């Protein structure tokens, strides 16, 4: 089996290494040719995943068309807002029978589409039953360090989800399956927004009570949006929901939590982003989800509060006061 991973960030590189170590022939494609050449020369992703040497079965692809044409499985590991642009590069390729696995987490800005929908819309030759996502609490730093990790492979087709499970499953990377691809994608995307809120609480100096409230009420927002889009309410209790939400809100590795923490300390969004080496998906996902929730009539007060702080320059203290002084309402 030949697998092509599109995107040589920390997560794409981690998965490429994992798959190569399982014995698959793996090609890793980077968007920038000069970066691809550096990866081929050093046999290590010094910029995004330092200290992890590439196994012999991992090749660096210079030509995305050749790499995708030869592949049985294509893994999309580019930033969420670059999925459409990257898929358009594959438009002239015969993708019949190829398994598509998206691992980016986000909602497309403007269209409000889930990333599996973006893939299907962009690549008309792809069978919808062959599209899947791989989500869950899985920081690249820990997976590449062979620390125990559990994730979920989701597809509307159970056989496809099981195939992804078989491909990625290892002794330390346990993969479950789920056919609720809508719920899995929504949970895995919106949790990044809630993590920004959790980081803001850290930056201000709030305690455990505030963090617990953000996580719990954030989960309620995820559940409402997922239900409005046809997702199974049970999915939010799984790995892509509560699992990924907890790790993203609490972890030192979380880029989204870090962005929030810096905002809470008084830095501007532009300043924080300009000094980061990697993408914090939750920033643009916040914009996309506010637009989507407005269109669907879904109440998401934490998400809207994060939006106000990030994009409307609302003072953090004022935003939190407004959030806390809303009219009382039932919990469930």
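Every residue gets a Cβ built from N, Cα and C, even glycine.
Listed features, source Swiss-Prot:
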| type | residues | note |
| --- | --- | --- |
| BINDING | 10, 11, 31, 32, 105, 140, 255, 279, 281 | NADPH binding site |
| BINDING | 105, 136, 138, 191, 244, 254, 255, 256 | sn-glycerol 3-phosphate binding site |
| ACT_SITE | 191 | active site, proton acceptor |
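Working note on the binding-site residues 254, 256: by count of other C-beta atoms within 10 Å of each C-beta, 256 ranks first. Summary for the binding-site residues 244, 281: the Cβ-based neighbour count within 10 Å is maximal at 244. Long-range Cβ proximity for residue 138 (sn-glycerol 3-phosphate binding site), meaning a same-chain Cβ under 8 A and a gap of 6 or more residues, is found for 11, 149, 151, 173, 244.
For the NADPH site, whose annotated binding residues are 10, 11, 31, 32, 105, 140, 255, 279, 281, the maximal Cα to Cα separation is 22 Å. Look at residue 31 (NADPH binding site): DSSP puts it in coil.
Packing around residue 105 (NADPH binding site) is summarised by its Cβ count: 27 other Cβ atoms lie within 10 angstroms of its Cβ, all protein chains included. Between the C-alpha atoms of residue 255 (NADPH binding site) and residue 191 (sn-glycerol 3-phosphate binding site), the distance comes to 12 Å.
In this structure, of the binding-site residues 10, 136, the smallest number of CB atoms within 10 A of the CB marks 10. Cα spacing between residue 105 (NADPH binding site) and residue 256 (sn-glycerol 3-phosphate binding site): 12 Å, rounded to the nearest whole number.
Listed in sequence order, the binding-site residues near residue 256 (sn-glycerol 3-phosphate binding site) (C-alpha within 10 Å of its C-alpha) are 281, out of 10, 31, 281. Counting every protein chain shown, the number of other Cβ atoms lying within 10 Å of the Cβ of residue 191 (sn-glycerol 3-phosphate binding site) is 34. In the three-state DSSP reading, residue 255 (NADPH binding site) counts as helix. DSSP assigns residue 10 (NADPH binding site) to a helix.
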